Amino acid sequence: MITASVLVLLGIGFTAAVILAVASKVLYVYEDPRIAQVESVLAGANCGGCGYPGCAGAAQGVVEGKAGATVCVIGGDQVATNVATIMGLEFSSMEKQIAFVDCTGGTRAEDVYIYEGAKDCRAQHLLYSGSKMCPEGCLGYGTCVTACQFGAIEMGPNGYPVVDPNLCTACGGCEQVCPRGVITIWGMTARIMHLNETTDCLAPCRQRCPGQINIPRYIEQVSRGDYAGALETIRERIPMPLSIGRVCPHPCEDVCRRGHVDEPVGINMIKRFAADWEMNSGQRLPISCAPDTGRKIAVVGGGPAGLSCAFSLRRLGHNPTIFESMPALGGQLRYGIPEYRLPKDILNWEIQGIIDLGIDVEYEKFFGTDFTLNSLKKDGYEAVFLGIGAWMNMTLRIENEEAKGVETGTEFLTKVGLGIETGINKKVVVIGGGNTAIDTARTGVRLGANVTLMYRRTRDEMPANIEEIIGAEEENVNYLFLAAPTRIVTDDSDHVTHVEYIEMELGEPDDSGRRRPIPIEGSETLIEADTVYTAIGQKPELSCLYENGTCDLEETRWRTLGADSDTLQTALPHVFTGGDMHTGPALVITALGEGRKAARSIHQYLNEDAPHISANTQREMIDYTMFTNVPDVGLRDRSKMPNLIECDERTCTFKEIEGAISEAEAKHETCRCLRCGLTCYNRDLVDGQECIVDECVKNP
Ligand code: FAD
């Protein structure tokens, strides 16, 4: 009996063991060992900044392919490398992200409502969008401070949040709770890609700058002596602060609010000061680039637009090659603008810094002859930027325009830029009123000529920079206003001897807003001339776009290359444009701005198939921010750009004329800045009061 019972028990035991063994196979929950491995190399803070419930959740996300090696927001490069190694991936480097406060208003933004008891930004925002008059500015109740788990944000003395870059993990908690979008998590790529939006804190100068440089920010950085930071801010938008600091007609200063009090802040002189500081230090500041993507892009034309496009593309990790028809880069900065305004050694230094980022250059390669859009495609270029400028001269359409001794101003300036014989004589007439005309005239004076500049309107209507007009006057260029050429008179050898012109009077304003010149019948007069330079405008030379007589791109009615004005994409999806080729003759800063804009679109085209922009993109000046007076601001004199050489010495040398302001003057000029936001500005700077620099702005 006992034996039978034992046998039964053994049988039950055996059956149970078999069932358990089978069940363990069926019900076994497999956990990928890599989850534990990944979790073990994460920072272990369980902060949730990655968006997963703790580090275990993040590790699972990585192994399931839902999160990348950079999942850990506080881990840095080393943690990401370890995660990548476990996952059998390669990791080069992680872009540093940081919370960025785009509001300088804080307590300076006026209240429009008083809410008793609602002391949370989100709660206030629900009530007619909050207490502040400024629709975009910080409400100042510090909801972001409470949301930050890392103690990286505090409310600064000026009533807006201040981020400690050393503590910020870019987890995004602050960004999520801010109802006004004042805080954004930024990395270098995002900053390069960003276009001004109407919801940004755009001071008037920032709205007007065609390069979209964050002017208030770099002025504030200079005021604190952070010159390297200022240059980094400028280079997020444009790569040529040295050149632009010398030649920009600074449209930003025209809308500077201080202009309503005394004179606008010397914004461009502050920029030049910072740029010269770097060059004079003898050391280049590092410029960061994203890891190599290996994507090849052709940049056609190495002027400001092409250089800027190549620079931004390189910083975004791509491999641009510049194809340039001339023996050196720089476009009109080199072959148009004369040495006394922009010395070639300074231009060379600046361009070298751009090329050194790892940009290939093919010199003396003419688009349309040496290579075409098709050949670029065959050579593996995934996208093309066309920025060949506007080098075709308009003609006067008058008798004997082809005579010997008659040439265009740009041909003359290019010869001077190349250092070759110009053939200039002694009695020179320059026809035109823009920058090219003035540069031609002043260069002619330096080559020993007596120069008369003939313009069909008056000095007030001249499109040239005012500084240039004055400079030419100081150098004894004779102005002949209200005069239009009607005929070139020649001798027997077909060489110019005179220019016949007709006197003009001004009528009603035309499309350009300037008063229309009207000829005065019978007023024809002769002026002696042995050399004539015409400078009445240029347009792009588009014949290079045609292959076998056809062209898939669109030409506008202004004979520029047609493209979407926001994305700069042409009719061919992989072809983009910018600069004078797209806008017609404009400014260096416009060309630089378009270069970055095109690089941004190319980056999107390569990664997301199509370029796109935000619905909030700022295109016009924002009306309600354009004040006509700014009360409660005391007078402060504007610094003066020093002259490096005396006026009477100038006419026999090509040495640079204008110097940089000193460090003390730069600081003084930054103190004149009203630190404008959209609607706020510093009201408390009364006459003679010492300028107090805002020490609490810590953002990198
Ligand atoms: P560009 O500077 O013209 O560069 C185009 C590049 O493309 C050149 O390097 C050219 O060699 C190359 N290229 C042309 N055709 C081909 C081809 N088929 N294949 C390959 N490469 C080609 N602006 C200011 O802001 N301030 C000033 O003081 C000022 N002064 C000026 C003075 C003069 C005399 C001139 C002419 C212009 C001035 N400008 C000034 C305007 C400014 O220089 C231009 O707006 C700016 O240079 C445009 O840049 P970009 O790159 O579009 O064109």
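Backbone N, Cα and C define each Cβ position, glycine as well.
Any TrEMBL annotation is an automated prediction that lacks curation.
Residues Cys134, Cys138, Cys144 are given by TrEMBL as [4Fe-4S] cluster 2 binders; from Cys171, Cys178, Cys205, that same site also lists Cys178. Put simply, Cys178 ([4Fe-4S] cluster 2 binding site) is 14 Å from Cys171 ([4Fe-4S] cluster 3 binding site) when counted between their Cα atoms. Cα separation, Cys168 ([4Fe-4S] cluster 3 binding site) to Cys138 ([4Fe-4S] cluster 2 binding site), rounded: 19 Å. Taking the Cβ of Cys174 ([4Fe-4S] cluster 3 binding site) as centre and 10 Å as the limit, one finds 27 other Cβ atoms among all the protein chains shown. The Cα of Cys55 ([4Fe-4S] cluster 1 binding site) lies closest to that of Cys148, out of the binding-site residues Cys138, Cys144, Cys148, Cys174. In this view, the densest Cβ surroundings among the binding-site residues Cys50, Cys138, Cys144, Cys148, Cys171 belong to Cys138, judged by other Cβ atoms lying within 10 Å. Each of the binding-site residues Cys47, Cys72, Cys134, Cys178 was scored by the number of other CB atoms within 10 Å of its CB, and the largest score is that of Cys72. There are 23 other CB atoms within 10 A of the CB of Cys55 ([4Fe-4S] cluster 1 binding site), with all protein chains counted. Closest to Cys148 ([4Fe-4S] cluster 3 binding site) by Cα-Cα distance, out of the binding-site residues Cys47, Cys50, Cys138, is Cys47.
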